[in-house]
Amino acid sequence: MNLNCHLIFSLYTIYGILSKVMASKGKVRGASGQHPLVQNVTVTEGGTANLTCRVEYNDNTSLQWSNPAQQTLFFGDKKALRDNRIELVRASWSELTISISDVTLSDEGMYTCSLFTMPVRTAKAYLTVLGVPERPEIDGLTKPAKEGDYITLTCMTQGSKPAADLRWFRNEKEVKGAKEVNASGKTFTVRSSLQLHVDRNDDGVAYTCRVDHVALAQAPQQATEVLEVHYAPHVEIIHSPAVPQEGQYLKLECVSKGNPSPDPVMWTKDGTDLPDLDRVIVEGRELTFTSLNKTDNGTYRCDATNHLGTSSAQYVLYVYDPNALGQHSTDHALIGGVVAVVVFVTLCLIIVLGRYLARHKGTYLTNEAKGADDAPDADTAIINAEGNHAHAEEKKEYFI
């Protein structure tokens, strides 16, 4: 049937050309200046492509669209190929527009618009079909992972054209993976691997693989996996108040972090069980003393265990006497005052001694200078100075 259609349209085409040749020589020359205008088209697989061919000046010459296999799709407003996906949008002497719905990768190629002048003028438009990548999948995740394990996450997507780009994110921060691209017919299969050395900080972290592709500009595809990491517990003891006193309330809290959660925790005192007292209460992770006294002094230990290990922390409790604590405060103030006075007196003595030494040093230098005028050397100058000093003493006695 298609062959008969092609034959009919071929005869129709020949008839049209011969009619125009017979019409007039001037008219043929006028038609020779016409040329069809087309544009390349890009469409996503499954979408609709519109192919438009226009002529600015036309003298009732027919337009035709043909596919990459040179099969006529439309000759003017006459459909030539039996394909329900191909429809006529507009047909006139100056324009021929057709649509191809539910486009597949096999529709890609060079389409030709022909204007049946003498000679026949043609224009070619390339139809590009984008292959939509499939939703990515993440493999290689071990649930749960153990702290210290090495794991490799692999993300894969198929069906992209051109090849898609895969990006990894640790929560919201991008991390780099190793990409691999393989052709599969007209489309591509893309893989990206991410190697991890798992620790407790990865517990609860979301790793996301996102597909970037021109066909997914509005809604990128992605897949997310949340890591579950098992690790041994870590324990510390939080206490209040800082200085426990007799009669006060005291709470010790055993803060343990581990996965699985190390419940329950175990409290001991000096390596043995806690004393069975009404004022010593254990509730979950908390050890509470409603009213402290000296008998509570000792080393308290908290132990937390899961299937990966055990951790412990200690707190040494010393209960202070409130009265003695106040007396110690007074003694400390007195001692501080005495120390301040001693420091002040010492500084004063240092200053006085320094001034005394500086004055005597000046006197010695002056005496030496007095004997240096007529002395050949320093020793003679000192002796002369001593002699002058003796004469001065004699004169002093004379005047007295």
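Note: Cβ is positioned from N, Cα and C throughout, glycine not excepted.
Per TrEMBL, the features are:
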DOMAIN    36-128  domain 'Ig-like'
DOMAIN    136-228  domain 'Ig-like'
DOMAIN    233-318  domain 'Ig-like'
SIGNAL    1-23  signal peptide
TRANSMEM  333-353  transmembrane segment
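Secondary structure by DSSP for the domain 'Ig-like' (36-128): 3 helix, 48 strand, 42 coil. According to DSSP, the domain 'Ig-like' (136-228) comprises 6 helix, 57 strand, 30 coil. The predicted model assigns the domain 'Ig-like' (136-228) a mean pLDDT of 94.
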